[in-house]
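Structure, as structure tokens:
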């Protein structure tokens, strides 16, 4: 991808940026108003040269023009869809959401018009796709100058139309789904009404018998209704097929949007160069990497139709609420000019960069701007992933809704079939009734003919006997009926009498109790009055006695006064006669008064005595009445107690009978419930088995597909291995020829050497005879110049065979010859052990093949995914060869395990987007984890309707609004509010460090998780704590620890499923 970034360097150098020009980019409006500088003219000339080069490439390659046009169309559609969706979300968030509601749902033809317009755009020479999009479409501060070309405005208009069309298409699909739901409910209600009418008509015909056939509903009346229903069903199926087609097109577009090669190109460009601007489409197509990308796009488009439904996944959701509203999505966090695909979270674009800002020094960008850029890029990446995740969730919910619609249509078809079955059975019963009526008429005719043929006397006798028997039976039946009716009436009368007597006795008891209470009160009152009278009588007696005593004392006093008066009269008759007479008169008057008062008191005493006698007589009468009434009450109370005991016994018996009946009713209800439960269980087992069979078939098809790909890969690798074997065979043959020639030359050299030695010995003998001891020493130093010939021959041999190192030592040992022979034999026989021997031959220093420049094993016998790992790891090449060659002998699980082991990312490798996409395990779709999860999920019921009814996430979605994914996300945010280092925005990267799991479980299980001691760097500890805490309360771990540890973005569907398990356990 560096070659794609190089054409931009001269244009950037022409600007001459320095460290003092690092500033945020100006707005788009100011860029339009500003005049073109010399740098922009140079940039446009460079761009025109690139356009001409790319047009020549496309003309030279006619097969790739259609593919590139389709790719450009796809890129415009998908990039336009993302930016338009984000712009509409931002506009609706600021208050213009009512305008989108007011406009309504556009017709589907608007989308076709925009697509045709977009398709016609790339044909012209001024293609808006060839404009520079990165400097003008990013609001992030970049070190490059704000450049603008005149063709950006029509491009933005085209993209805006495409985006608006996509959004309106989604809204139209949602509205049509709602309309179809209402139509399905209406059809169901009509079917129910029709069924009720038919059952009522069938009951009427059964009750009236065969004589009332004329009153039943004729099949001619039901035929127009059936036809109307069939026409509605056909129209409904047509509309469903149209909706499915539109849904499929949208799915393809959205999936292509998620995996768009434009985003991959932008990510790789930002990964290789430190400039965080995206590469234009034309530069990617003009460079060799662009052509490579176009071929990859074609392969992806071929495979996308098979994998569209598999990538979307399956999650039960409420599609009517999974709308793209601003509060239920993450589009509001993204600006309209973000790049289409950011970098991965693990690859920092400034850590592995090998070029600084083009045309400037490496210190031109400050650390603050770098940090802000990395933060913004990471934010944009998070927002992009969350939007992709939400789009996948909406796709899944749309597919679920579509499946529900299909199930409803299937139910409708079943109801239609049942209706036809009922109609056929009705017609059969009607025909059967007609046949029976005809047979009855025949039998009646036969009976009449037989009666006519018989004699009249016997006929009359039989008739009389039959009449007598019939009258006897009728009288007996009437008598028994009357008897039973009489018994029933007697029982009812006796029961009523007993009830009336019981009620009368109860009323009598109440009255007697009330009278008794009244008499007791009267008696108490009389006693109280009697006591009062007795007290007044006693007081009167006391006063009377006092008066008597006073009277006696007065009498005695009077007598004394009389005596004194007589004495005084006798003594003082003369002097005081007048005074005495006056005193006597006063005393007499007092005496008269006292006598009058005494008479009054006596009369009062007589009256009190009379009243006392009257009160005593009344008291006696009241006591007699009380004793009489008491006896009557006791007698009646005894009678009532007896009757109440009898009634209580009867009531207890009736209660016992009622209890027995209730127990029997409960037992029967339990049996009915048990039968229903058994039936439901059997139905569930049947549905589960059907779903498991369907899933097993899907797994079988997936495995067959993967097996085909593996066999294809095996064939390619075997062909490559054969080619390598052929090359190696030729190299071995050449080496053997060289070896044979070298051995022959060695033999000739040895013969010459022996001959020279013999000559030397003879000469030495002659010299020894002639000369002395000193000459012998000089003759012994003579062989080296003689040995120059073998050396020269060896040099000649080396010159004739360049690249071959001939050993100066003794001939090669027999081991090397045997290894070469065994290697050739293994090639001839096709043994897989030759690869290891080949590598051992290259490693041995004494082998004659060590100098031959033969292609090494990793380049030929290792798969392309292993080549990436062989550059940095020290893994031996024989391991990959033996693994791949021994595949047929291993079971499938071992093959998959070995494949996932070989595809693990190397930690020493620098992470680039291409390597990361290659080494990411979920991209395979063929690992042990996926097989295990598929096997665990293979026994779940397939019906989306039953899942929708039992799913607690539907209630959560109704509570929070929006889709199930967004509702669960909001619930997690609400539960983890207040926890440090927790920011949940999606179901992939927000959960990778395990802190979100720990915080969520800490709200329910604080004793299991010490949250204050946790750290985001210790991923393994966090995940183990969370999984163990969840498993301790019964939540099964559905996530793989290895996948969570080695990937920064785990599968969001499995994470969402695990969080949904936590929600179901603690909240439902």
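Using the three backbone atoms N, Cα and C, a Cβ is placed for every residue, glycine included.
Feature annotations, reproduced from Swiss-Prot:
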type	residues	note
COILED	579-773	coiled coil
COMPBIAS	29-40	compositional bias 'Low complexity'
COMPBIAS	126-144	compositional bias 'Low complexity'
COMPBIAS	154-200	compositional bias 'Basic and acidic residues'
COMPBIAS	898-909	compositional bias 'Basic and acidic residues'
COMPBIAS	912-922	compositional bias 'Low complexity'
DOMAIN	962-1067	domain 'Calponin-homology (CH)'
MOD_RES	112	phosphoserine
MOD_RES	134	phosphoserine
MOD_RES	137	phosphoserine
MOD_RES	138	phosphoserine
MOD_RES	218	phosphoserine
MOD_RES	361	phosphoserine
MOD_RES	366	phosphoserine
MOD_RES	369	phosphoserine
MOD_RES	425	phosphoserine
MOD_RES	847	phosphoserine
MOD_RES	863	phosphoserine
MOD_RES	912	phosphoserine
REGION	1-221	region 'Disordered'
REGION	261-367	region 'Disordered'
REGION	777-796	region 'Disordered'
REGION	859-885	region 'Disordered'
REGION	898-922	region 'Disordered'
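The highest number of surrounding Cβ atoms within 10 Å, among the modified residues 369, 425, is found at 369.
The helix, strand and coil residue counts that DSSP assigns across the domain 'Calponin-homology (CH)' (962-1067) are 62 helix, 0 strand, 44 coil.
Recorded residues residue 425 (phosphoserine) and residue 369 (phosphoserine) have their alpha carbons 82 Å apart, per Cα-Cα distance.
For the compositional bias 'Basic and acidic residues' (154-200), the DSSP counts in helix, strand and coil order read 47 helix, 0 strand, 0 coil. Residues belonging to the domain 'Calponin-homology (CH)' (962-1067) score a mean pLDDT of 90 in the model.
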